[in-house]
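Pulled from Swiss-Prot:
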type	residues	note
COILED	25-59	coiled coil
DISULFID	85-114	disulfide bond
DISULFID	250-263	disulfide bond
DOMAIN	76-308	domain 'Fibrinogen C-terminal'
SIGNAL	1-22	signal peptide
C-alpha cells in the first residue's frame, strides 16, 4: 500500500512538473515573440530614419548646388588683429575668401570678403550677383549690414557703420567692378573714398575718377544734370529715413538704400532685373554712364583699399 502511495505521489509530481515546464516554456515563447516584434519595430524605425536622413542630405546637396560652392573662410587663429584686407594680404595671406577684421576704432570683430586678386588687399563692402538678397531694407539693416557672408559670390552690404570705421582709418580708393548680361565688364575707380559717421547720416565723399565705365557718381558727364544727379556729399537714405534732396522719397521709389540726390545716376543697390527692364521708376541696378537708366547690371562688386597700398610680394 505504501509503495502504491509513493508511486502515485511520484506520478503526480511528474505530471505537475511537466505542466509547470509547459507553462514556463509557453511564457518563454510568448516573451520571445514579444521581443522579436519589438526588434522588428525598431528595425523598421531605423530604416525609416535612415531614409529620412538620406532625403535630407539629398535636399541639402541640392540647395548647395543651387546656391553655389561655399567660399573659403580663413581663421587666422587670433595671432593679430587686422584693420582691413590689405594688412592681411601683406602678412602673407594671398587667397581670396572670408576673413575677420577689426578696424582701429571698431569695438567688434566682423567678417568680410577679401579680394586678393587684382593686385590684392581689397575689402569688399558690397556685392550683387544673382538677386537672391533683398536690398529694399530699412535704416538699421543698412547701418549694421546684411546679406550672405558665407556663400561664394553671396550678395551683401557690409554696413554703413563698418564702412565708416574702415574709411576713417586713412585715405582709401574705391573700385567698382561691373558686369552686364552680355558678359562685358567695366570698372570705375575713385580716390579719397570716405563715408561719414552716423551724425552725418553716413555722408558720401570721393575724389578723382578713373576707369572704363564712366563717372556716374559725380554727374560731370552732363553739367546741366550734375546739380541733381551727383552723389557727392549726399547723405544715405532708406525707405524709413529720407535724407535726399528730392521732394518725395527716392529710397522708397527706387526700393533700395543709397546716397540719393534727386534721385540718382548710379544705384548699385537697386532692384535686380535681368538686363533691360520696364518699371514705374528707374529702380534697377544702374550705372548710367555705361548702360543708362533702363538697364540693370548682372553683377557689382564695391571694394576698397588704402591709396598708398604697396603689395608685399613675398
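Note: Cβ is positioned from N, Cα and C throughout, glycine not excepted.
Model, not experiment: these values are computed from the prediction.
Around residue 263 (disulfide bond), taking its Cβ as the centre, 22 other Cβ atoms fall within 10 Å, counting all chains. Mean model confidence for the coiled coil (25-59) is a pLDDT of 64. Geometry remark: residue 263 (disulfide bond) versus residue 85 (disulfide bond), CA distance 32 Å. Under the DSSP three-state reduction, residue 85 (disulfide bond) is assigned to helix. Distance between Cα atoms for residue 114 (disulfide bond) and residue 250 (disulfide bond): 31 Å, as a whole number.
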